[in-house]
């Protein structure tokens, strides 16, 4: 396969780690990255080391946002609907990094060129911009694939970003690492637009649902009928906590008594208090986590037969439980069995998100070049099970 | 994806079980099957139940062959080289079922229309023929995929069958379930011919290497460097023994002190004596089993870092050991870990061969329709890792 030139939207934990992992993979060249304040584009390939060094622990937008700033006024990305090209987005409208609560400057605060929370503009390669996504779209003719390492605290944020690329007639691959069932339907609703544009959209391509639904699709091959898929994950996130506050906030939305709206509106103090209350360890059951929808659409089993849960420990780097996928089914010869896939506890969440995300990105490019457009789940890209 | 019309060459254990499993899968229609004595073709779909019923325990060619009959005279498939279309093959030249030692009738014995070892001609749908493979080739315009459920006691038997389809300008998918490293190279040597014809050839698509190298390719996604892949399989084959004598003979070639030539020349009595000597349980280490070559070509690791072994018990249906794939590697953040994939002991060898074989067949068709021709390993068909 020819070289793949890719862009990363979002340089929080996931975006930066993806850039890092891509350096270990053949045939992948990072040519663009952006956060809410800036954009770095070099079609000959970014200097990833420099970019990572300058943005490490230095994410555009920080943990100090208040719920008012996040949710106040009109929706953060309201400018993205419809004719976004003719309505230049404001910084807060345009973007949210996954470095935690997004849009910290509320009504459009100033761009910091240096120091903490400057983000990508602290890099020599970064230029400040009020329209980072539009800036990437403007260069997208020379970009084969776009990884959306964005949080998705509004359900339709990622679908709407996809729509903007489609409106600009982008022909290429888009990959997200989302983990919320209902977003898949929102992408499906836009499938015609994506197809017309020539976009191959791979959704949920991170550790879970991506990696683990891929494993489930594979493990299901012993069976002619799958009765149940159990996905159970463990994440130790002590050293990665600051980089992944956005992800943690998304997880909180899956706790009993919380939903995406209440999680979005929590202040950082409230989140810290909640974590304290649980001694740093959050346990999740029956998460609405996209795995269900993605396995159903790949024909593996009914969504209702998929159960997802896990344990997150933000005060230790040790995994609090072993990540496993168990697929129970019936064989053609009438036996019932459970095949399992287990990740070593030593493999970090970051390793398990970014390797698969780039793998699915490559698979997306293969499909895109073969003319397969539309919305795909990771399990759809497995050998035609 | 549109309906896939497929043919099965060989109606021994693997061929028949594939036909059976295909009935549980959407979008697959069996339209042709053959063994060394006969062919059944119905472009509207075979009556698989009838075919299975009449050929169960009734394989064309039986266990009573002698080494002379197998190896005597000119090579069994000598007629397949070069212009096979103009040189009608004799029954013994044309075909070997996987129902045990092939070519039982030696110098071209008569076709039995009824009774034991009649094979496919015992079915209402079967017609006797001296050129079963050519008969299928003649109908191949209406066949999307061909599963080669043949034994491969001559290394180049399957590659040469592929060549015959290419010479007839077949455009479609061919899938085998072989398990021998050196055959991959023989297929690669013919890749240009296959590409010119429009053939997508998926090799080694059974349980191992197919299923388990797919799992290894997936499990490798946590790592930026894979240090070792260990594949360890267990097969309990008591009730499936008669149907799978060809496979057992192939396995014997992997035992210390044996090779493919000595295994091919063993009489059934000698095989029984060997099995007796081991109390029915054969243990294999460092098998030359194609998994190594297939993982290397997929870019997962070096062939020499792949180790394959296992235990076969022909006197019990219980697996003598649990089938596992262990992939050890280093993550981008410098940790070393081992991800594992484990098949339930209750899943039979047949279930684990035929589900994946049909899955890879579907993947092959997807690729073929996208214009991807040539030779592919199962792991090549995984998301572009």
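Just so it is clear, glycine is given a Cβ too, placed from its N, Cα and C backbone atoms.
What TrEMBL records for this protein:
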| type | residues | note |
| --- | --- | --- |
| BINDING | B:10, B:11, B:12, B:13, B:14, B:246, B:247 | NAD(+) binding site |
| COMPBIAS | B:56-69 | compositional bias 'Polar residues' |
| REGION | B:56-114 | region 'Disordered' |
| MOD_RES | B:179 | allysine |
| ACT_SITE | B:179 | active site, nucleophile |
| ACT_SITE | B:250 | active site, proton acceptor |
| ACT_SITE | B:254 | active site, proton donor and proton acceptor |
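Separating the Cα atoms of residue B:12 (NAD(+) binding site) and the residue listed as 'active site, proton acceptor' is a whole-number distance of 14 Å. For the binding site of NAD(+), formed by B:10, B:11, B:12, B:13, B:14, B:246, B:247 according to the record, the largest Cα to Cα distance is 13 Å, rounded to a whole number. Put simply, residue B:179 (allysine) is 13 Å from residue B:14 (NAD(+) binding site) when counted between their Cα atoms. Residue B:11 (NAD(+) binding site) and residue B:179 (allysine) have their C-alpha atoms 18 Å apart, to the nearest angstrom. Across the structure, residue B:13 (NAD(+) binding site) and the residue listed as 'active site, proton acceptor' place their CA atoms 14 angstrom apart. Other C-beta atoms found within 10 angstroms of the C-beta of residue B:254 (active site, proton donor and proton acceptor) number 23, with every protein chain shown included.
Counting only the Cα atoms, the space from residue B:179 (allysine) to the residue listed as 'active site, proton acceptor' is about 9 angstrom. All protein chains considered, the CB of residue B:246 (NAD(+) binding site) has 27 other CB atoms within 10 Å.
Between the C-alpha atoms of residue B:246 (NAD(+) binding site) and residue B:254 (active site, proton donor and proton acceptor), the distance comes to 13 Å. On the backbone, the CA of residue B:247 (NAD(+) binding site) and the CA of the residue listed as 'active site, proton donor and proton acceptor' stand 11 Å apart.
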